[in-house]
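Colleague: Below is the structure I would like to discuss, written out as structure tokens.
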Amino acid sequence: MVSFVVSPMKLVSLGVMLIGTILSVSSEETVGVWLGLELNLYGFLVIMNPDGHYSPEPCVKYFVVQSTGSILMLVGFVALMEQHVVSGLVMSSAGTVLKSGVFPLHSWVPSIIKNSSWLASGLMLTWQKVAPLVFLSMIMPSKGLWVVIVLMAGIGAAGGLNQNSVRVMSAYSSFVHTSWMLLGLTWSSVVFVGYFAVYSLSVGLFFYGCSMMNKTSMGGQISSAASGMGLLMLMGMPPFLGFLAKVLVFLMSGSVVIVACIMGSVISLKFYIDFFYSMVMKSSVDKNKVEFKIMWSMVIGANLAGGALILVSFI
């Protein structure tokens, strides 16, 4: 039996982090966007190392990166208020790119993810991207976004090929998924929300399974099912929800940039399949156990039901 202990400090920090993101996304003023990002940062710093059990290095690196991005954004906002439009947009775009971890200021993401906890890594790859990506799509010109999307898909696919660390592989995988989310965001916020929800669920299941693997006998079965389902969803294999999310972006997109996203996903299948084989096919869990078969039947059925629900909502 796995027990979960959530301290009040974690709950307060999660609340501050959530409020900060919501404030940034919903604000119509640049000051509100900046303030929301700062609240999000302070809440997340506690989540990264709430009990002092982890190395402070990734926390310090993340703070330096995000603080630098915040300074660039603030300088850009001041320049915009002084009617220096070009320099203001350049500075605010650079700060937002740095905070979101997209090309060309993306190199800090794998090194911080590698040494962070599973919870912090999962949040960094999902929730922490929401506000910066939304703001980036609003201030960056379309041609600039196309370049970012193409290069993010290529960097994520190529960078993850020779990785042995699960966290680092997930970081490069997030670059490919970020290109899909940015592309969806440029055409429809609804598609972006749908893709982000599926991606967050996939990362959550995958990281939960990896963190719980081999702790108990029953935990081993649950973790294998959870991580396996999360990985298949990240791969975008039918009939899982990840495939449907990509189909929705493909149908909504009217740009040739979608070809780069598809190529990035196809190349990334290589390291997904390698890890899936080593994790599931060589697992110590007995694949003939009734419990294991029931779990996999349930997760596949849940994905089919979720896919049907999303399709019906778009009809």
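Any Cβ shown, glycine's included, is placed from N, Cα and C.
Marked as signal peptide by TrEMBL: 1-27. Positions annotated as domain 'NADH:quinone oxidoreductase/Mrp antiporter transmembrane' by TrEMBL: 29-264. According to TrEMBL, the transmembrane segment annotation covers 62-81, 144-161, 181-210, 222-241, 247-273, 294-314.
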Colleague: Most CB pairs under 8 Å with the transmembrane segment (181-210): which of 62-81, 144-161, 222-241, 247-273?
Modeller: 222-241
Colleague: State the non-local partners of the transmembrane segment (144-161) in its own chain: residues 6+ outside its ends, Cβ under 8 Å from one of its Cβ atoms.
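Modeller: Result: 93, 97, 102-104, 106, 110, 136-137, 168-169, 172-179, 182-183, 186, 255, 257, 260-261, 263-268, 270-271.
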Colleague: Cβ under 8 Å to the transmembrane segment (247-273), counting only same-chain residues 6 or more beyond its ends: which ones?
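Modeller: Residues packing against the transmembrane segment (247-273) from afar: 146, 149-150, 152-154, 156-158, 160-161, 163, 169, 172-173, 176, 179-180, 183-184, 186-188, 191, 194-195, 231, 234-236, 310, 314.
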